[in-house]
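Asker: The following block contains the structure, expressed as structure tokens.
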Amino acid sequence: MLAVKNLNTHYGNIHALKGIDLEVKQGEIVTLIGSNGAGKSTTLGTITGLLRATSGEVWFKGENITSIPPSQIVKKGISLSPEGREVFPALTVEENLQLGAYVRKDKENIRTSYDRVYELFPRLFERKKQTAGTLSGGEQQMLAIGRGLMSMPQLLLLDEPSLGLAPNLVVMIFDLIVSINQQGTTVLLVEQNASMALSIAHRGYVLETGKVTMTDDAKILSDNDMVRKAYLGNI
Amino acid sequence: MEKISLQFDRIKEKMNFIKPNKKRDFLLLATLILALPYIINSQYLLRIVIMIGVYSILALSLGLVTGYAGQVSLGHAAFYAIGAYFSAVLSVNFGISFFITAPIAAIAAAICGLLLGLPTLRLSGTYLAITTLGFCEVVRMVLLNWEKVTNGPLGINRIPRPSLLGFDLTLANNGMYYLMVFFLVFTTVVMLAIVRSKIGRAMMAIREDELAATMMGIKTTTYKVIAFVVSAFFSGLAGAFYAHMIRFIDPNTFTFDTSIMILSIVILGGMGTIKGMFLGAAILVSFPEVLRFLQEYRFVVYGMVLVLMMRFRPQGILGGQKKTAYKLPKGVIVDINSNNSSIEVREAMNTVEEVI
């Protein structure tokens, strides 16, 4: 579904992505793990057109989408829930969701999307008239993911959904990611919490200083000694 | 008991007129606005009211850029000046009627807004503020030095009055007042239409979080430019009106102070509101007049009020109010009782009801 081929991205003189190759197949949860500055968010930024690739290609459903503007990419069915849950703080929960459906033309079907998001996150339904800035961290993360779903993406990109959340909320968010995936949305998950990410993913990529150093089934990766030492914190 | 409750109902019925009633309130307000010149019956006061109207138009236009799209412009006096000079030069040199020069002037200001906006709206925050500030100075310098057209520091004199079907609109016959009301209503209607549409929603999303707005598929630069161009158009219109009302303009009318005045109105009234712009303009324009008894100390008081305002109510007088529920577009109903909603949602619904 998504194929990234030899992708290079620079921030000024800094060579952030040094030839990334990765693939996401329909129906999968794929996770990108790695430490700070490995290039995880840069990869997502380049896929979604926020950053320009210096070379390399991004293909989505057989179409070359390298460096086309973000608005086009959203229309093609990729949605990003950005790092640090960037919701629109002064707008209500409902308005946030409404903006998630911004590129959609099929007004009649938007209601089903609301239903779906409210089904996944009943908490958001309770608070739909509340401004997003007054939500708790976990609720804001739910809103960021829910808003990402409003554009009916075929591929949902999640950037650090567990960031700054209490452990029980992390478990809850990951359960929800699994159910979103089971409903038919392919997920590319970027996480620092490698053990959680590998526990729900089908496949994983390990990123180190802008390069993919390892890729395998999530099970095999989480049993791998090197990965365990570097990212899982137990030997 | 029954008697008492009947009595209560009667009293309630009689008190009914105090309750807000949109249609009636609107009619009252409209009557008040139309009858105002006859109520106050003073040219001095009427002139102040007209200036409040002009500044309301300016504040509404800056409010779209700053209050809704979140981009700070310190150079709105430039568009005001461009509108005023364009209309004045055209009507003085070529004898064209105000009703033709005013739209031309507004469009000229809008084009300048586009030319300034396209390269600079990729900047954000402080950088944009400084750029617009610079633009305002550039415009003022051009007005001062392009003597052939603008008559330099002497300004343009004897700008003809607007005349409609051979009938001169003046301050004395209230024509200028009604013309101002027309322009103000026009501006307000356009602004309301923009703010309540998908475009307005996109602008608010940009104000709240530009990155997240981009990820929703919103072309942020496009919407910022739209806000800027619409804003410049109405500022230019206000400028044209001002030139033909005062009948004399010079570069000193359109300095940085004017830009700051417009921005103060927007901040004082409440960013991201429409009503606040009228209130802010009314307060800040009438302030120097009301406080005339304080003589030169009035500007100290004026400054103090703004400082206190920022300390105790930074969101502005009408800003930051509880928002009314957002209306979904037609055909979109979130019906939780419908069959395709899951049990979880209905449970959530029940808990909400319990809380209530």
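Note that Cβ sites are derived from N, Cα and C of the backbone, with glycine treated the same way.
TrEMBL: automatically predicted annotations, no manual curation.
Below are the features I grabbed from TrEMBL:
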{"type": "TRANSMEM", "residues": "B:24-40", "note": "transmembrane segment"}
{"type": "TRANSMEM", "residues": "B:46-65", "note": "transmembrane segment"}
{"type": "TRANSMEM", "residues": "B:72-90", "note": "transmembrane segment"}
{"type": "TRANSMEM", "residues": "B:96-118", "note": "transmembrane segment"}
{"type": "TRANSMEM", "residues": "B:125-143", "note": "transmembrane segment"}
{"type": "TRANSMEM", "residues": "B:175-195", "note": "transmembrane segment"}
{"type": "TRANSMEM", "residues": "B:225-249", "note": "transmembrane segment"}
{"type": "TRANSMEM", "residues": "B:261-285", "note": "transmembrane segment"}
Asker: Grab the same-chain neighbours of the transmembrane segment (B:175-195) for me: Cβ-Cβ under 8 Å, and only residues 6 or more beyond its ends, written as numbers and ranges.
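Answerer: Contacts with the transmembrane segment (B:175-195): 33-34, 36-37, 46, 49-50, 53-54, 56-57, 60-61, 63-64, 68, 162, 164, 167-169, 203, 230, 234, 237-238, 241, 245, 274.
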Asker: Should the transmembrane segment (B:125-143) and the transmembrane segment (B:46-65) be scored as in contact, given a threshold of at least 3 Cβ pairs under 8 Å and pairs 6 or more apart?
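Answerer: Counting Cβ pairs under 8 Å (6 or more apart in sequence), the transmembrane segment (B:125-143) does not reach the transmembrane segment (B:46-65), since there are fewer than 3.
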Asker: Counting only CB pairs under 8 A, let me know which of B:46-65, B:72-90, B:96-118, B:225-249 has the most with the transmembrane segment (B:261-285).
Answerer: B:46-65
